[in-house]
Each structure stands twice: as C-alpha cells, then as structure tokens.
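Now, the feature entries from TrEMBL:
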type	residues	note
REGION	256-284	region 'Disordered'
TRANSMEM	81-98	transmembrane segment
TRANSMEM	105-134	transmembrane segment
TRANSMEM	154-172	transmembrane segment
TRANSMEM	184-206	transmembrane segment
TRANSMEM	346-368	transmembrane segment
TRANSMEM	409-427	transmembrane segment
TRANSMEM	447-464	transmembrane segment
TRANSMEM	499-516	transmembrane segment
TRANSMEM	536-552	transmembrane segment
TRANSMEM	564-583	transmembrane segment
TRANSMEM	589-611	transmembrane segment
TRANSMEM	623-645	transmembrane segment
Amino acid sequence: MVTDIVSQKLEIWFRTMERLRGRNQRVIKRSSEEHIYGSSPSLALHCRRPMPSSFALTGRPFSARRMMPRWLTWLWYHRNYLIIVIIPLALLPLPLVIRTSEARCGYVILLMALYWCTECLPLAMTALLPVVLFPMMGIMKAGEVSIEYLQDSNMLFIGGLLVAIAVEHWHLHKRIALQVLMLVGVRPALLMLGFMIVSSFLSMWISNSATTAMMLPIAQAVLQQLKSTEARADERDFEAAAEDNDAFEMEIAQTHEEKTDEKQPDAKVQLEEAEQEREWKPESPLDAKKKAMELKYQHLTKGMSLSVCYAASIGGTATLTGTTPNIILKGQIDKLFPGNNDVINFASWFSFAFPNAMLMLVLAFVWLQFMFLGFNMKQTFGCGHKSDRDKEAYAVIKQEYSKLGSAPFAERAVLAIFLLLIVLWFTREPGFFDGWATVLFNKGGPFVSDGTVAIFMSMLFFVVPSQMPKCGGYDPDEEGKRVNAPSTLLNWQVVHERMPWHIILLLGGGFALAAGSEESGLSKWLGDSLAPLQQIPPVGISLLLCMLVATFTECSSNTATTNLFLPILASMALAINIHPLYVMIPCTIAASLAFMLPVATPPNAIAFSFGKLKVMDMVKTGFVLNVIGILTVNLGINTWGYAIFDLGTMPHWANVTNDKP
C-alpha cells in the first residue's frame, strides 16, 4: 500500500514535469517569433512569461527523468525484486544470533509483515510462506501447517461468498437498492441517507467492493439528472427575467447594433482584445449561477461517492461474514481457545456489531452532511410538494427499476434461500435459549457450526432450477437457443470466475501464523513482555490499540493487519489478566476503519475514481470518521458488549493457552 502511494506521487510529478517541458518549448518558440516580429504588439502578448535561464542557456527541452539518475530510476522500477531478496537477508541475524524457536517464528512473522506491507509478492503467496518456512525451521510439521489453511472459518467464508455470488448473479441486490431509493426520495440529504442505508445493508451479505461498484453508477446517474434538470430550470428562469426587463432587452439590442457598425478588426487584434476582455469583463448572472451550480454538484458528487464507500465498509462490520477480519477473529478465537463454547457465532456477533454499525452510520451521515451539504434542513431534506427536478431525478431511478422487469422465479428462489439462511444462522445458537442445532445435533458436542449451515444452504444453489419445472417448453437462453431443461441457480463456471480464492489462502496464512506462534512459544513471550501494560486501565489499552490498528490498516490490507495483530493481542490480554475479547473485538472492527486513503481499501479506490475526489478530501473526511469509529466501538464494548460477552469475568476457556507445556 505504501509503495502504491509513492508510485502515484512520482507519476504525478513526472506528468507535471512533462507539462513544464511542453510549456517551455512553447516559450522558446514564441521568443524566437518575438525576435523576428518584435514590433507586433499582438505577438508580444505571447512572451509575457519569462523563459527560465536553464532553458535559455542549454536550448534543450526539459525532461523530468533526466533530473533523476538512471540508476535510481532502475532501482525504483525493480524495487519488488530487491525487496524480496534484501528483507530476508536483513532479518537473517535474528534467528542466527538468537537460536530459539521464538526467534525463528519471529523471523517468519516479520518477513511476512514486511512482504504484506510492501506487496512485493501477491498477498496470497506471502500467506503460503509458513508452509515452507515453519517445517524448514523446525517450528511445525508440514502436515500440521497445511491443515490450518482449511479451518471451519474458511468453510463459513466460502458459504457466505457463494450466497453473495448467487445474489449478484441474479441482480437481486440491484432490485433491493433501487426499491429502497424509490422509497426515500431524491432530495440531497435523503438521497445520501438512502444510498448509505442500501450500501451498508448490501455489504453485510455481499462484498464491500461489489456493493460500491454497483451503487456508484446509480448515484452518478441520479446526480447527473438532477444537475441537468436544475441547469434547464435556471436557463428558463433567466430567459423569463430577461423578457420581463425591457431595459435589459434594449441594452442587448444597442450593444448588438454597435458591434455591427464597428469596423471589424483583423484576427491578431481580435486575439489581443479577447485576451484583455477575459481579464476585466465581469461575468453575467447566468454564468455566475452556472459556476455556483457546478461547485454545488461537485461537492454533492464528492459527498455521495464517499458516503457509498464508507457505508459499505461500515456495513461489512455488522455481520460475521460481512468482511474478512470478522472471519479471521472467529478463526483465531477457535484456534487459540479451543474450548470457547462457540463464543463468537453469527448471532452473538450480530447482536454486538449491528448496533455499533448503525450508530457509526448515523454519525458518519451527520459528518458527511456537514462537510458536503451543510445543515440547511429545508433545502437538503425538503418537505411538501416535489419540484420538477425532483420528479425527473425520481424518474431516472424508476426507469432503472423498470428495466429489471418483474422478479423471475430464479430471483425469488435466491431470496428465499438467502432469508432461510439468515433465520438458520440466528436460531442455531442464539444464547438465551437452546437453538435447533443444540436440540438436534449438538447434545454430545459442537458438531454443527455456522459453516455447516452456510455450506448446506449454498449447495441448494446447485440443486434448485432457475425456472419453474413444467411440462411445456422453457424460455430460450440469452443466445436465443432452445432450452430443454433449465439450468440451476448457480454453476461452477460462474463460481470459478467470481470466487476470490486468494482470500481463503490469506485466512489460512493468518491461522498458520497463530498456530506457529503458539507452538514456538512466541505468543507467551510476547504476552510476558507486555505485562507492564497492566498498570494502564483497560479502557485506555483498548483505545490505544484501536488507534494503532486503524493507523496500520491505512497502509496495509485489513486482512494482513488482523492476521498480524490478533495473536499478539490474545497473548497480551492473558498476560495482563483481561478478557481476550475486550481487546480483540474492537481491534478487529478498527481494522475495517480504513477511511483516509484511496489505496486503503478497494471501495475507497472505486469511489476515488468515480467521484472526482482529491486525496485531501478523503483524508479530511476520513480522519474524523476514523475517530468516530474508534469511539463508537469502544463505547459498544464497554456497554452492551460487556453484557453480551460477559467481559467482567475471566472465562475458563482463556486458561487453555497457559496450561500448555
């Protein structure tokens, strides 16, 4: 992530230097023309900018890359190869000087952390390093490492992704989004609120990137319609005002007559007059209004783009399958504390994270409203009769919705399976009464998990047909060919194209790191080293750690950040005698609070490309949202989270780690 930022800055610098080269070439050309036509006042206008002395002396065009030495340019373009080789060699003294299993495991963790941060290797390939290094360094056996890459949490993640793929494949998410937008209306604040609600809801079940990529074009179309409607209305108002003002009409006619009577100047004089006229001529009321409208919709476009990407990131924290760090937390808890009685499941996570996400969403809306729309409630929210511009913008949304047509059988089937999956997740182990899994399957132990339910329900997508079975013929396919039997809701080709397989390897790499830290004793050593933190109040520790994780995740993948920090946090919590979840849950959510940089998350990058944003726009807005997110999650963990997870007492399952020899 850091290298991406540096690359962008250098590319901008190169483009600026190239523009300077083109400008100074024009200056040299105009200077030579002035030498020949020095008495011409019109041509003298072209020589107002002084020519830099360096160009006057050398007479050669400027090149940005000539200012940078060739060897430095070569190093920059080959930086990934150099990082791959230099970092392992630079860290090699650690296991050679300190000949312990803790040092060898620390070497692997540091190497993976730097590779993840610099992205010199693909993230998924870096996640496979424990398969090679742990057996070679005598930390874990190859079979023990490999099995970490397909835990129950990975099955839950795969099942959730299959559901998301089915929803996207049949455009169910688009129908839901447009239906909600038709309900909330098209007034600026209501429109922003509607997009935030839809984006946050969809990102609970499908990927944040897919949600942002789908919602932003809809937002752009609606804003463009609002802008064009307002521009036409302003022109009509201006023409009507001109017709009512007789003096204004006479002035226009008189000016026109004077211009026709005057002798037409030659082209050179006309160019000079146009240059001077632009400097002193006051702009007309219509032009001023157009500029004000452009500025208004520029702010509105920025605010709408940021609202979509931020709402998608916030909504992903609300469900266990909404974003990868949540799944990593469950996997780490199950790995580090095997007897935890399924403390993190879909129902318990939702009961804590959903209120936190809604509170964060409301505060984010208020902040974005303040930044980009102001607090004029009458203009932004609007009440009463709809104007023509509101009706036309509403017509755009309605037209997009009408393109979907009536919901086909496949869409209704996907919705039914999706709703049934949610019901089964919530009622499997709700906590305050015995769920269906406890009554039917889990009397002798935790046999059925959320991953079991997710895989079972996702299998139905490969069983249920996409059309209602009937005796007659079926609707032709997209190519117009006859269909003898309907296809299923999903086929493996669609899944293969859309499934992010690299994320599964990333999850496994994190679980392998946790297992290696446990086996080598590095976790216990880190916990003992952090024991002095016991003097700090738990609230302060949680706040400090959340700020550290939120800062780190701006420059690194949230998956890599969570994989690196959670095992350390678990060891630290045991060392200072506080509930592991008290620090692990807030830091997991903080890993998703990457709001400040375009390269921090894919939704940020998508919004940056759509919304005509500057980096500083995202930094100023995102910094406050980071603070809001850290405060809300710490408020939640110290109030309703304290009761849900019983954080006031040290759980018996947390002593399993310390009991190991």
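If you go along the chain as it appears here, the first residue is 1 and each next one adds 1.
Using the three backbone atoms N, Cα and C, a Cβ is placed for every residue, glycine included.
Quantities reported herein were computed from a predicted structural model and do not represent experimental measurements.
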_Within the same chain, where does the transmembrane segment (499-516) have neighbours whose Cβ lies under 8 angstroms from its own Cβ atoms, ignoring anything closer than 6 residues to its ends? I mean 6 or more beyond._
105, 108-109, 112, 122-124, 126-131, 134, 139-140, 144-145, 148-151, 153-154, 157-158, 161-162, 165, 207, 324, 327-328, 331-332, 335-336, 522-523, 557, 559-560, 562-564, 566-567
*Under 8 Å, at least three CB pairs between the transmembrane segment (536-552) and the transmembrane segment (447-464) (pairs 6 or more apart)?*
no
*Distant-in-sequence neighbours of the transmembrane segment (105-134), which means Cβ under 8 A and at least six residues beyond its ends*: 1-4, 79-81, 83-84, 87-88, 91-92, 94-95, 140, 142, 145-146, 148-149, 501-503, 505-506, 508-510, 512-513, 516-517, 519-520, 522, 555-557, 559-560, 563-564
_Among 81-98, 184-206, 346-368, 409-427, 447-464, stretch most in contact with the transmembrane segment (154-172) (C-beta, under 8 angstroms)_ = 447-464
*Near the transmembrane segment (409-427), which same-chain residues lie under 8 Å Cβ to Cβ, leaving out any that are not at least 6 residues past its ends?*
163, 166-167, 170-172, 175, 205, 346-347, 350, 435-436, 450, 453-454, 457, 460-461, 464, 466-468, 489
*asked:* Within the same chain, where does the transmembrane segment (81-98) have neighbours whose Cβ lies under 8 angstroms from its own Cβ atoms, ignoring anything closer than 6 residues to its ends? I mean 6 or more beyond.
replied: 75, 104, 106-107, 110-111, 114-115, 118, 120-121, 137
_Cβ-Cβ under 8 Å with the transmembrane segment (589-611): same-chain residues at least 6 beyond its ends_ = 1, 4-5, 8, 208-209, 211-213, 216-217, 220, 301-302, 304-306, 308-310, 312-314, 316-317, 323, 325, 353, 356, 545-547, 549-550, 553-555, 558, 561-562, 565, 618-619, 621-623, 625-626, 629-630, 633
